[in-house]
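S.K.: TrEMBL feature annotations, pasted as is:
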type	residues	note
TRANSMEM	B:12-32	transmembrane segment
TRANSMEM	B:44-63	transmembrane segment
TRANSMEM	B:94-114	transmembrane segment
TRANSMEM	B:126-143	transmembrane segment
DOMAIN	B:144-434	domain 'NADH:quinone oxidoreductase/Mrp antiporter transmembrane'
TRANSMEM	B:149-168	transmembrane segment
TRANSMEM	B:226-248	transmembrane segment
TRANSMEM	B:260-283	transmembrane segment
TRANSMEM	B:289-311	transmembrane segment
TRANSMEM	B:318-337	transmembrane segment
TRANSMEM	B:349-368	transmembrane segment
TRANSMEM	B:389-408	transmembrane segment
TRANSMEM	B:414-444	transmembrane segment
Amino acid sequence: MLSMLPVATEVAPAMAAAGFWQENAWLLVAAPLVSAGILLLLGRSADRWGHWLGLLASTLTFVVGAGILVDLLGSPAGERVREVDLFSWISTSELDLVAGLRLDPLSLTFVLLVTFVGSLIHLYSVAYMENDPARRRFFAYLNLFVASMLLLVLADSYLLLFVGWEGVGLASYLLIGFWNHVPAYATAAKKAFVMNRVADVGMIIALGLMFSTFGGLDFTTVLAGSADASEGKLTAIGLMLLLAACGKSAQFPLQAWLGDAMAGPTPVSALIHAATMVTAGVYLIVRSGPVFDGAPTALLVVAIVGAITLLFGAIVGCAKDDIKKTLAASTMSQIGYMMLAAGLGPIGYAFAIFHLLTHGFFKAGMFLGAGSVMHGMNDQVDMRRFGGLSRYMKITWLTFGAGWLAILGIPPFSGFWSKDKIIESAFVGEGWQPWVFGTVALLGAGITAFYMSRLFFMTFHGKQRWTSEAEGTGPDQHPHESPILMTLPMIVLAVGSVALGGVLAIGDGFVTWLEPVTGHVEHHAPVIPVPVIMAATIVLVLLGAFLAWRQYAASTVPVVAPRGSLLTRAARRDLYQDDVNEGLVMRPGQYLTRSLVFGDATLVDGAFSGLGRTSSGLGRALRGLQNGFVRSYAAMMALGIVVIAVVVLAVQG
Amino acid sequence: MESLVPENLTASFPWLTALVVVAALGAVALWCLPRGARGRVREIALGVSLVNVGLLVGAFTQFDTSKAGVHQLYEQYAWIPQIGTSYAVGVDGLGLALVALGVGLVPIVILAAWREQGDDVERLRHYLALVLLTAAFMTLIFAARDVFLFYVVFEAMLIPIYFMIGAFGGPQRRGAAVKFLLFSLAGGLVMLVAVIALFLQGPGGAEGFLTANLTGLALTTNVERLLFVGFFLAFAIKAPMFPVHTWLPDAAQQAPAGTSTLLVGVLDKVGTFGMLTLCIPLFPSASAWAAPTIVVLAVVSVIYGALLALGQKDLMRLIAYTSVSHFGVMILGIFAFSQTSIAGASFYMLGHGLATGLLFLTAGMVIARHPQRSQRIADFGGLQRTTPIIAGIFLLGGLATLSLPGLAPFVGEIMVLIGAFGAYPAAVIVSAVVVVLAALYILLTYQRMFTGPEQEHLTGLPDMVGREKWVVAPLVAALLVLGFYPRPALDLVEAPADVTVSTIALEGSAS
C-alpha cells in the first residue's frame with residue numbers, strides 16, 4: 001500500500017523505490033500505541049515488567065526512525081519527500097481523505113528528536129518512578145504520548161495531524177494529573193487541556209476554511225492550492241493556525257497553562273513540556289509555510305506573538321523560585337524565539353526548527369537535571385532551599401552546566417549556533433520590523449542569561465540553604481547523586497548540548513537538509529552588520545550572567561523571598577495571567593452559566609410545563625390524572641388513529 | 001421527480017420483521033412466564049436480545065452496501081387497505097445503521113440491569129419485558145416505510161418508555177414520566193394533523209400512506225411549509241432541540257441508566273432520523289426555506305446545552321444536557337445540506353449513541369456504588385484511587401462525549417463542522433466554541449468525582465466486576481474502531497446523504 005504522490009513544495013515528485021524502513025514506517029505510531037494498550041489492559045499483572053516494555057517500544061521507534069533517516073540521506077534531495085498511504089479514512093463524494101504518513105526532512109527531524117530524547121527519558125523514568133506504585137500506568141501514558149506525537153508530525157493531512165495533536169493533549173492531561181490525588185495537580189491538568197481546547201477552536205475553523213477553500217485537507221492539496229488562494233482566505237487560515245499553535249506551544253495569550261503543568265512528574269516536564277509537544281505549534285507554522293507565504297499579515301502576527309512571548313517568559317523566569325517553573329518560563333520564552341523565527345517567513349523557518357532541535361536537547365537535559373536535584377533533595381523545588389549542590393552531585397552539576405552554557409548561547413555550545421541565527425535573522429527586513437524584532441531578540445538573550453545563571457548559581461553554587469527538621473521547614477537534606485539509569489540520559493543529552501549545534505551547522509548542513517520542505521533562501525543582510533550583532537549578543541549574555549553571579553553566587557541568597565519591586569511581584573504572579581483569565585473569562589462564564597440554569601428551570605421549562613406546576617389546581621388535576629394517565633394516553637392515541645381512519649374513509653368514500 | 005424514489009430491493013427473508021417479532025415475542029414471553037421459570041428472566045431476556053444480534057448479522061449479509069442509498073430488505077403487505085395503510089418496512093444504510101445501534105445496545109442494557117432491582121425478580125421481569133418491547137419498536141420505527149405505520153409506532157413506543165421511567169426510576173420519576181409523555185403527546189398531536197393533511201394531498205388509494213407514494217408531491221408552497229412544520233415540531237421535541245428540550249433532563253435524572261441509554265442513545269435519534277427520512281424528502285423546498293432558521297436554533301442548542309451541562313449538579317442531568325448540545329450539532333449538519341455534513345451528522349448519531357450509552361451506563365455503576373445511591377456530583381470524590389477501572393472507563397466515555405479524535409463521535413462532529421462551513425461559516429465558528437465547553441463539563445465532572453484524595457465515606461467500594469466489564473467492552477471497542485477506522489459505518493450513511501443532498505439540489509434547480 002505504498003504510493004508516491006506529488007508533493008506540494010517545489011521539489012519534483014519522488015519516485016524512489018520504497019525501502020524496507022519506509023514500508024514499516026507505520027510501526028512508528030503502532031508500536032508505542034500497542035504497547036500503551038497492553039500496559040493499560042493488562043493492569044497490575046504487568047507491573048513487574050511494564051516499564052521495560054514501554055522502553056522497548058520507544059527504542060523500537062527510534063530504530064525505525066533512524067532507518068528511514070539513513071534511507072532518506074541516501075537519496076538525492078529531490079527524492080526526500082515521500083508519502084506512505086495507510087488506509088482510506090474519511091471519504092465522501094466531496095472529500096477523499098486517506099490516512100497516510102509524510103516522510104520528509106521536517107517530519108524526520110521531529111521523529112528523531114522525539115524518539116531519541118523520548119527513549120532516554122523512558123530510561124530515566126525507570127529509575128525516577130521506581131517507587132511509584134503506578135509506574136506501569138506512567139509508562140503507558142508515555143507511550144501514548146510518543147505514538148500521538150509521532151502521528152502529529154508524520155500525518156500527511158491537517159485532519160490526521162489534528163488526531164495526533166489531540167492525542168498529545170490527552171497524554172499531557174493524563175501525565176500532568178498523574179498525581180491527581182493532589183487537588184491542585186488535578187486542576188493544573190484540566191487547565192492545560194481546556195486552554196488547549198481554546199486553541200483547538202482555531203484548528204477546527206482552519207479545517208473548515210481549508211475544506212471550503214481547497215476542497216481537501218491533505219497537505220498536498222492545501223499547500224499546493226495556497227499559491228492560487230486569495231490573501232484574505234490565507235490570512236484567515238494562517239491566523240486560525242496560529243491560534244491553534246498558541247495553545248499547544250504556550251504562546252501569548254494562551255500561555256497560562258504551562259507553568260502549572262509542572263505538576264507532572266519531572267520526566268514528563270522534560271519530554272512533553274520542554275522538548276517535544278510544546279514545540280508542535282512551531283511545527284504547524286513551518287509545515288504550513290506556503291499558506292503563510294501568501295498571508296504576510298498572518299506571518300507578522302506570528303512574529304509579534306513570538307516576540308511578546310519571548311519577553312514574557314524571560315521576565316517571568318527572572319522572578320520564579322521554583323526550579324521547574326523557572327525552566328517552564330524559559331521554555332515558553334525559547335519557543336517564543338522559535339515562533340519569532342517562524343514569523344520571519346522562509347528566512348526563519350529552518351532556524352526555528354534548528355533551535356527547536358538544539359533546545360530539545362539542552363532543555364530536556366536541564367529538566368532531567370532538575371529532576372535529579374529533586375531526587376536527591378526530597379522533592380524540594382524551591383531554589384532558595386538549594387545552594388552549593390555542585391559538590392554533592394558532580395554529574396548533575398556538569399551536565400546541567402552544559403545545558404546552561406548552551407541556552408546562554410556561549411560558543412561553541414549548541415544554543416549558540418541556533419539562537420544567534422535567529423537574532424541575526426530578526427534584524428533582517430525593512431521598516432520598523434527588523435529594529436523591533438531584532439532588539440527584542442537581543443534583549444531576550446541578555447535576560448535569558450540572567451535568569452538561567454540565577455537558576456544555576458542558586459542551585460549549585462553559593463551557600464547551602466537546605467531545609468532541616470529543626471527549622472520546621474521540611475526533612476533534613478542529605479543530597480546525593482542519582483543512580484546510573486538517571487545520570488546516563490543526562491550525560492547523553494549533555495553531549496548533545498555541547499556538540500549537536502556545531503555538528504549540524506557544519507557547512508550549513510541542517511539548513512540544507514530542511515530545504516526540500518522550507519525551500520532554499522538566499523542570504524539576506526541584516527540592518528546591522530553581523531559581527532556587531534554577535535558582539536552585542538555576547539556582551540549582553542555575559543552581562544546577564546555576571547549580574548546573576550554577583551547577586552546569587554557571590555552574595556547571600558535569603559531563604560525567604562524578599563518583597564521585591566513591583567515588576568518582580570508581577571513576574572512572580574506570571575504578570576497576572578491567571579487574574580486576567582479569571583476576570584475576563586471564568587467569572588463572566590460562571591455568571592452566564594448560573595443565569596442560564598436559572599432561566600432554563602424557570603423561563604424555558606416554565607413556558608411549557610411549569611404552568612401546570614405553579615397553578616395548584618392544575619397540579620392536583622395532573623396528580624389525579626397520573627394513575628390513569630397512560631390509559632388516557634392510550635385512549636388519545638387510539639382516538640388519533642380513529643380520526644385518521646375517519647378522515648381517510650370520508651375522503652375516499 | 002420519479003428518479004428521487006429509487007426502487008426498493010425486496011427481501012428474500014423478512015429480516016426486519018423477524019427482528020421486530022422476536023423482540024416482541026420475547027417481551028410477551030417474559031410477561032407470561034410461568035412462576036417456576038422466573039428465576040431465569042435475565043438469561044431469557046439476554047438470550048432473546050442475542051438472537052436479535054444474530055438476526056442483525058444475517059440482515060447485514062443480505063444488505064448490499066454498494067446500494068446503501070436504496071431501501072433494501074424491503075417487505076410490504078396490505079395492512080388496512082381501506083384507509084390506505086400498508087405494513088411496509090425497509091432500510092437504507094442510515095436506517096440499517098440505526099437499527100444496528102438499537103439491536104446492539106439492547107443486550108448491553110439488559111446486562112447492565114442484571115442487579116438493578118436487587119433480588120426483586122418480579123420487578124426485573126417487568127423491566128426487561130419493557131426493554132424488549134422497546135427494542136421491537138426501535139427496529140420498526142427505523143424501518144417503517146409507511147407514514148401511518150411510522151406515526152403509530154412513534155406514538156406507541158412512548159408507552160414502554162413511560163413505564164421504564166415512571167415505574168423504575170428515582171424519587172420524582174412519576175412527574176418526569178408524565179412530563180415526557182406530555183411533551184411527546186404535544187408533538188404527536190401536531191404530527192397527527194400533518195399526517196392526515198399529507199395523506200389528503202397524496203394519491204390516496206390502498207397504498208396511499210406509503211412513503212414512496214407521498215414523496216415528490218406537487219404541494220403549494222404554504223401547504224408544504226405547514227406540513228413541514230408539523231413534522232419538524234414533533235421531531236424537534238424528540239431530538240430534543242432548544243427550546244423544547246426540558247423534558248429530557250428530568251427524564252434522564254429519574255430514569256435508570258439503561259433506560260436513559262436507550263432513550264437518549266437510540267430513541268431520540270428518531271427525531272434526527274425523521275428529519276432526514278421524512279421532513280427533507282417529503283418537503284424539500286420547505287426544508288430549504290426553513291433551513292436558516294433551523295440552523296440558528298441548532299447553534300443555540302449546541303451552546304445552550306453545553307452551558308447548561310456546565311451548571312448541573314446532578315450527574316444524569318448533566319449527561320442529558322450534553323446530548324441537547326450534541327443533537328444541535330447533528331441538526332446543524334443535516335440542515336447545512338452538504339454531503340459531508342449530512343454524512344457526518346448520520347455518523348454522529350451512531351457515535352453519540354455509543355458515547356452517551358457508555359457515559360450513562362458507567363455513571364449508573366458509580367451511582368449504584370454510592371451508599372445512598374446519590375447522583376449529586378458533589379457527593380463523590382477521589383474515586384480514581386478507589387475504583388480505577390470505573391474511573392478510566394468513565395473518562396473514556398467522557399472523552400468520547402467531548403469528541404476526542406480517535407473516538408467515533410469526533411469523526412461525525414468534525415465532518416459536520418467542516419461540511420457546514422461552506423454554507424454557514426458563522427454558525428460553525430460559534431458552534432466550534434463547544435469544544436471548549438465540552439472539555440470543561442467533562443473534565444470538571446471528572447475532577448470533582450474521581451480526582452483528589454480518597455473520601456472516607458467512599459472507601460472500600462468495589463471496582464468494576466466481570467459482568468460490568470462485558471457491559472462496557474463492546475462500547476469501548478466500537479468507539480475506538482469507528483474512531484480510527486470509520487469506513488464501515490461511513491459506507492452505510494454516505495449514499496443516503498447523497499440522496500438527501502440531491503433531493504434538495506433538484507428542488508433548488510426546479511424552483
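Each Cβ is built from the backbone N, Cα and C atoms, and glycine gets one as well.
TrEMBL: automatically predicted annotations, no manual curation.
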S.K.: Apart from its near flanks, which chain residues at least 6 from the ends of the transmembrane segment (B:126-143) lie with a Cβ under 8 angstroms of it?
M.R.: 16, 19-21, 23-24, 26-28, 30-31, 41-42, 45, 48-49, 52, 73, 89-91, 95, 98-99, 102-103, 106, 109-110, 113, 116-117, 149-150, 153-154, 156-157, 160-161, 163-164, 167-168, 256, 258, 262, 266-267, 270, 273
S.K.: Against which stretches of its own chain does the transmembrane segment (B:349-368) lie, if we need a Cβ under 8 Å and a gap of at least six residues from its ends?
M.R.: 97-98, 101, 105, 108-109, 112, 115-116, 252, 256-258, 260-261, 264-266, 269, 272-273, 315-316, 319, 322-323, 326, 330, 374-375, 380, 383, 387, 390, 393-394, 396-398, 400-401, 407-413, 449, 464, 468, 471-472, 475-476, 478-479, 482-483, 489
S.K.: Determine whether the transmembrane segment (B:226-248) and the transmembrane segment (B:389-408) share at least three Cβ pairs under 8 Å, counting only pairs 6 or more apart in sequence.
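M.R.: Counting Cβ pairs under 8 Å (6 or more apart in sequence), the transmembrane segment (B:226-248) does not reach the transmembrane segment (B:389-408), since there are fewer than 3.
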S.K.: Based on Cβ pairs under 8 Å, which of the stretches B:12-32, B:94-114, B:260-283, B:414-444 lies most in contact with the transmembrane segment (B:149-168)?
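M.R.: Counting Cβ pairs under 8 Å, the winner is B:260-283.
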S.K.: Between the transmembrane segment (B:318-337) and the stretches B:12-32, B:94-114, B:260-283, B:414-444, work out which stretch tops the count of Cβ pairs under 8 Å.
M.R.: B:414-444
